[in-house]
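Some notes on the structure that comes next.
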Ligand code: GRF
């Protein structure tokens with residue numbers, strides 16, 4: 001099995017979700033492992049549990065510290081532990097925008113409601129008060145807006161007659177412990193999933209003007225211009241010719257550029273068989289921390305290099321406004 005994704009879990013208290021994530025990670029087939037459990041409360045119960053299981057821990061009280069300094073220290077601890085993902089599990093801190101944006105797409109949170117219902121606090125009481133048939137829990141990506149990032153999965157929990165916020169909270173915890181490890185495992189696995197990667201590249205490629213998809217040598221490719229005379233600006237490459245990479249091939253400006261990039265960033269770029277000779281570079285997609293903005297930039301650049309002038313001129317004119 002490929003290397004497991006490294007996950008830092010941030011907690012503030014009991015850490016029962018962290019424990020669920022931790023024990024699920026002990027399954028041989030878990031695609032992730034915990035590299036750190038960190039807390040803003042030096043007495044957090046979950047820290048002791050993690051230590052006992054041989055997981056590195058880090059604790060730093062936020063009291064008397066500027067929010068940004070505390071975030072920076074927590075982030076440094078996560079990076080030094082080799083974290084590729086940060087998973088918030090009852091971490092009772094509002095994070096600074098800079099911290100959130102530098103982990104965009106790689107930071108998850110669990111929230112005790114069926115989002116988008118009831119972001120924020122008192123979720124159970126609000127669900128009962130509203131007469132809802134179910135409460136529940138959701139796992140979502142963390143974005144600048146509180147509890148508003150893409151929901152990756154949710155589980156409903158029935159609200160019984162006479163339910164109190166506490167009794168509902170207790171059962172929602174059971175659901176959370178089933179939900180979080182499963183969603184995290186699926187999420188870190190999709191970074192290596194060719195179908196998922198293909199879908200993302202396709203969306204980006206087809207968002208460029210006058211593009212269409214056409215198969216070439218058995219793989220999806222994207223062209224700009226008419227169906228008849230269009231030119232390829234990207235090819236999808238799923239572990240071709242013995243390579244382990246799932247990649248998108250895009251055009252460089254010269255062989256020098258291609259070779260320079262491959263030499264200096266071999267974890268990001270490679271020279272593909274056959275296509276490499278005519279200046280196509282392989283941009284590796286199945287790697288943690290992939291920056292989709294960078295993929296989009298490469299696609300656009302490649303598109304520009306073959307698109308008819310009338311299209312590139314239009315695009316440049318639009319940029320000036
Ligand atoms: C959970 O209910 C979770 O949904 C919320 O905080 C609680 C954490 O509980 N974000 P625990 O510390 O994991 O036991």
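The backbone N, Cα and C atoms fix where each Cβ goes, and this holds for glycine too.
Per TrEMBL, the feature active site, proton donor maps to 111. Neighbours of residue 111 (active site, proton donor), defined as other CB atoms within 10 A of its CB across all chains, total 22.
DSSP classifies residue 16 (N(1)-(5-phospho-beta-D-ribosyl)glycinamide binding site) as helix under the three-state reduction. Feature annotation from TrEMBL assigns N(1)-(5-phospho-beta-D-ribosyl)glycinamide binding site to 15, 16, 17.
DSSP gives residue 92 ((6R)-10-formyltetrahydrofolate binding site) a coil state; it is part of no helix or strand. Contacts of residue 92 ((6R)-10-formyltetrahydrofolate binding site) defined by a Cβ separation under 8 A and a same-chain sequence distance of 6+ are given as 12, 13, 40, in order along the sequence. What TrEMBL records for 67, 92, 93, 94, 95, 109 is (6R)-10-formyltetrahydrofolate binding site.
The annotation domain 'Formyl transferase N-terminal' is assigned in TrEMBL to 6-183.
Counting Cβ atoms from all protein chains shown, residue 147 (site 'Raises pKa of active site His') has 18 others lying within 10 Å of its own Cβ. What TrEMBL records for 147 is site 'Raises pKa of active site His'.
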So which of the binding-site residues is most packed in, judged by how many other Cβ atoms lie within 10 Å of its Cβ, out of 67, 93?
93
Measure between the Cα atoms of every pair in 67, 92, 93, 94, 95, 109, the residues the record assigns to (6R)-10-formyltetrahydrofolate, and report the largest value in Å, rounded to a whole number.
19
Length of the line joining the Cα atoms of residue 95 ((6R)-10-formyltetrahydrofolate binding site) and residue 147 (site 'Raises pKa of active site His'), in Å:
12
Among the binding-site residues 16, 17, 93, name every one whose Cβ is found under 6 angstroms from ligand 1, counting any of its atoms.
16, 17
